[in-house]
Amino acid sequence: MRFLILFLALSLGGIDAAPPVHSRIVGGFKCEKNSQPWHVAVYRYNEYICGGVLLDANWVLTAAHCYYEENKVSLGKNNLYEEEPSAQHRLVSKSFLHPGYNRSLHRNHIRHPEYDYSNDLMLLRLSKPADITDVVKPIALPTEEPKLGSTCLASGWGSTTPFKFQNAKDLQCVNLKLLPNEDCGKAHIEKVTDVMLCAGETDGGKDTCKGDSGGPLICDGVLQGITSWGFTPCGEPKKPGVYTKLIKFTSWIKDTMAKNL
């Protein structure tokens, strides 16, 4: 799930119930088959919970709020529900959450101006290396800052119905614009920091949402972000989504991988 920050309406000084969650990749399209060979499905037992990104044969990168002790992954999938000949399944031998991630906010779905979801990043060490094939391929980490205004591609199996939270059958893609962090700072009451990216459409209609957490944000062909959190209903005007900014974490990622071969 993308970390959805539920909007709690204030009424007469009190807090009302949150509105229905509008949960899906909004304004997206079915990804071309095998066009995202680095995209990974992350599970808790047999329940799909998040996306992820294959960095090399042994390592998957995802969001820290996707953490469960029972995580496992599937690679080479297009259809979330069907067993495909291309699919590979791996257990997770160890999880490495970024030490700066505030786990006290883990799965806390309310809004507060002091909440800071920075460092929402986790590495998963696979119990057995993935077989690198035409449909299972790693993607490189960024070496340069992303450019504002870039066209970015996000992908995921996020929910396709607003109330039943039913995940998409086929991997979905959506094109988003990389926006100034100030836009997200104005849009959300939670803290938007320099280790985050802001992406969406000012007019709304395109967004990632519940079920897309941990998946890639690829800007001008380069992996730049990991889907982290955002507003619900998803795809609202002037409510772009927030992504973990990977260029800020390449040293931690590389060091963690090197020390845990």
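The backbone N, Cα and C atoms fix where each Cβ goes, and this holds for glycine too.
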Message = Which residue in the list Cys184, Cys219 does Swiss-Prot annotate as forming a disulfide bond with Cys198?
response = Cys184
Query = When you check Swiss-Prot, which of Cys173, Cys209 turns out to share a disulphide bond with Cys234?
reply = Cys209
Note = His65 (active site, charge relay system) sits from Asp120 (active site, charge relay system) (Cα to Cα, rounded, in Å) at a distance of 7
Request  = Among Cys66, Cys152, Ser213, Cys219, these being the recorded positions, pick the one whose CA is nearest to that of Cys31 (disulfide bond).
outcome  = Cys152
Task = Count, for each of the disulfide-bonded residues Cys152, Cys209, Cys234, the other C-beta atoms lying within 10 angstroms of its own C-beta, and report the residue with the smallest count.
result = Cys152
